[in-house]
């Protein structure tokens, strides 16, 4: 029987299967192989005498450390439009981490009622131009909620963003609605509102939402200097057009990315952020 781990605590794992939620323990072999089951893992289980055992952990597409979740495919990057104003460097850090982890990012701009249509259009154009979808929401009033739910289908989605952006309001809105719709499931696994630090998955519209915010650590200096450029999707059309193979678009001559910046084809603020991050990596790691 196959399923997905939606919660793990105290050595017990709760697996959602076609036959319902089954409480399981892991085989001892995983400890010997230094492989620990994670929330989000797709697993094969066996039920013996009414007790479930995890027999196999399927290959993971991704692993996040904070929160500890496997196979995340999508991130809602939540920022307030105002109060506080958008910090573009911070937004770029979140987007860089999403790209590094091969997670599809959707930028969700909260408190949309605090800005004009012109301001919204400018922000949308700016973010669309670097390759990301933008959704305008009002977490307190539930505006934009349906558009978010549409994007949850067939994904494991994590919310991320700075403090005060509205992540908790948005998350609790999802949790409250799912409590009303799936009360029996909630009772089965003992879900409460942030009563534990252990992550779990909320089943929403044929997808899952991680109940704890993602990317609580925003350090990007662990990224290899030669890999950073691949975290900027707007560079993709130019990475192979530079004179030198392996060009990092830094101090190398005849660089197609730098030419695209000069021609206005790549946003200069994004390129400046890339250079700042690259220099952080070089200075931190001395390479």
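Every residue, even glycine, has its Cβ placed from backbone N, Cα and C.
On the 0 to 100 pLDDT scale, the domain 'CP-type G' (61-218) averages 85 in this prediction. Taken from Swiss-Prot, the feature domain 'CP-type G' applies to 61-218.
Residues or ranges marked as GTP binding site in Swiss-Prot: 110, 111, 112, 113, 161, 162, 163, 164, 165, 166, 167, 168, 169. The Cβ neighbour count for residue 161 (GTP binding site), using a 10 Å radius and every protein chain shown, is 24.
DSSP assigns residue 247 (Zn(2+) binding site) to coil, not to a helix or a strand. The Cβ neighbour count for residue 247 (Zn(2+) binding site), using a 10 Å radius and every protein chain shown, is 22. What Swiss-Prot lists as Zn(2+) binding site is 242, 247, 249, 255, and the listing cites sequence analysis.
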Local Cβ density at residue 169 (GTP binding site) - other Cβ atoms counted within 10 Å: 16
C-alpha spacing of residue 167 (GTP binding site) relative to residue 247 (Zn(2+) binding site), in angstrom: 38
Cβ-Cβ neighbours of residue 163 (GTP binding site) (radius 10 Å): 9
Residue 112 (GTP binding site) to residue 249 (Zn(2+) binding site) - Cα separation in whole Å: 36
Residue from 242, 249, 255 whose C-alpha is spatially nearest that of residue 167 (GTP binding site), among the binding-site residues: 249
